[in-house]
Amino acid sequence: MALAGCPDSFLHHPYYQDKVEQTPRSQQDPAGPGLPAQSDRLANHQEDDVDLEALVNDMNASLESLYSACSMQSDTVPLLQNGQHARSQPRASGPPRSIQPQVSPRQRVQRSQPVHILAVRRLQEEDQQFRTSSLPAIPNPFPELCGPGSPPVLTPGSLPPSQAAAKQDVKVFSEDGTSKVVEILADMTARDLCQLLVYKSHCVDDNSWTLVEHHPHLGLERCLEDHELVVQVESTMASESKFLFRKNYAKYEFFKNPMNFFPEQMVTWCQQSNGSQTQLLQNFLNSSSCPEIQGFLHVKELGKKSWKKLYVCLRRSGLYCSTKGTSKEPRHLQLLADLEDSNIFSLIAGRKQYNAPTDHGLCIKPNKVRNETKELRLLCAEDEQTRTCWMTAFRLLKYGMLLYQNYRIPQQRKALLSPFSTPVRSVSENSLVAMDFSGQTGRVIENPAEAQSAALEEGHAWRKRSTRMNILGSQSPLHPSTLSTVIHRTQHWFHGRISREESHRIIKQQGLVDGLFLLRDSQSNPKAFVLTLCHHQKIKNFQILPCEDDGQTFFSLDDGNTKFSDLIQLVDFYQLNKGVLPCKLKHHCIRVAL
């Protein structure tokens, strides 16, 4: 029977040897292996009358002395992890002895006594120093549970490096030049970062905010896809590059209005000879189909400043140009760029930096390129609609169904949250009714004639109130500072004194969708304003002129036929009514300070 917790070397301790030598042979247990002594005791009946109480007291004293000896030698005697005991003397190799050494009953009792846990742990720590070569090593199947240096509870320091949550600081700029440093995780996507910035900036989350990868030294920029990892994209950017926080209403416009994007002559299918525009979306999202976008583009030669107009074909395998007219035979197609390890960008100032023939340039940039312009594949379209078509086709062919999932995720979240949250009431012509609050309780005016007269009366009352406010707010007759002439400056859609080119640039950056607008000061008339509006991917400007009626200044878009006391009323009206405009005002350009 092995001693649980106490090595056999305790038997060689002087204190223990003294106790063993002082013990008389007549007090040994009859169950011991010493048979001659047992037979002598049975023969002599006089020796059976042993004082039992004295024997028990002697055994208890021996146990107490042995326990103190274990405590004294626990720091020096090793205990192997495999359950075997380290001997003070190495065991001699050879055949096993036929005669086993006699074990006294007192030793058998002492071997069943426990030792302190701390002493055993200290003995285990010194195992490697006292392990002998004659004892075979038994591997421990659970070293992390019983090892002295590995606690059973996982701590952040005990996690492997791959599982540790890495954090990184990312600097994001706004359109007005302000910036914010945000600490993000390594697995944070562009959508997650946009939602975080929306929360920190107290903006309205309408799923149109995007993160823009901006390269000023290359004159390139693009909107990150919602599923892209921000840290991974930043690793491919140069030191001059930066992230911009911007609106983009046209990011998923293709899924809303696919009919308005691709002309019929630009779309072909390899597997079917004819197909309608309604099948366009399914063919782009289906990985087994092979849609193609074809047409003429201006292509800049690598390493040269010259541009050539070539017939270009975009497939899932890459972008090709034809070396012989409009032929698409394999021997006439030359690979221009690969879609797998590249991204498509818009040219910011293509005419000035790359001598582009038009202002509608695009670029296919390999991910490995940082500052060099030699490997950039620069292209140029004839108009903005053609450029949008090529860039949208590139994204669809590269990402496919993943792009559609990015479009559907916000809608699915909105549908799940709608039963638990009160929806914001949309302002439209179908959600407004005429009310009469002249009595003690309000009532709905159902008669159209009565509703029209009530609206006219309310309009006259509003004009009278605004006139009184103008009179009270005027500082001097020469420099009137009325509320109606300055209240619009508090709105996000008013951008102040910017040029026509700047307003067009802002409209293009935030998406050429129908109804996107902004208001600005007129450069030709100091008292007038300009409404810049996008319709059918074209930008138009409408002048807002002031007019006077009964000494009161009004603003009008249609030469005084429809008058408004301030620009806020004008914008509210044309958000509900098209009027003289080609479409209603739907989205306004906004700049947010981070």
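Here, residue 1 is simply the first one shown, and the rest follow in order.
Cβ atoms are placed via backbone N, Cα and C, with glycine included.
A quick note: this is a predicted structure, and the numbers were derived from the prediction, not measured.
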Query raised in the report: Swiss-Prot annotation phosphoserine: which of Ser134, Ser288, Ser428, Ser565 has it?
Result: Ser428
Query raised in the report: Where does Swiss-Prot put phosphotyrosine, among Tyr67, Tyr249, Tyr311, Tyr404?
Result: Tyr67
**Report entry** For the domain 'Ras-associating' (166-250), mean pLDDT (0 to 100)
**Finding:** 93
Report summary line: For the domain 'Ras-associating' (166-250), the DSSP helix/strand/coil residue counts are 17 helix, 33 strand, 35 coil
Report task. Please list, for the domain 'SH2' (493-574), how many residues fall into helix, strand and coil according to DSSP. Result -> 18 helix, 32 strand, 32 coil
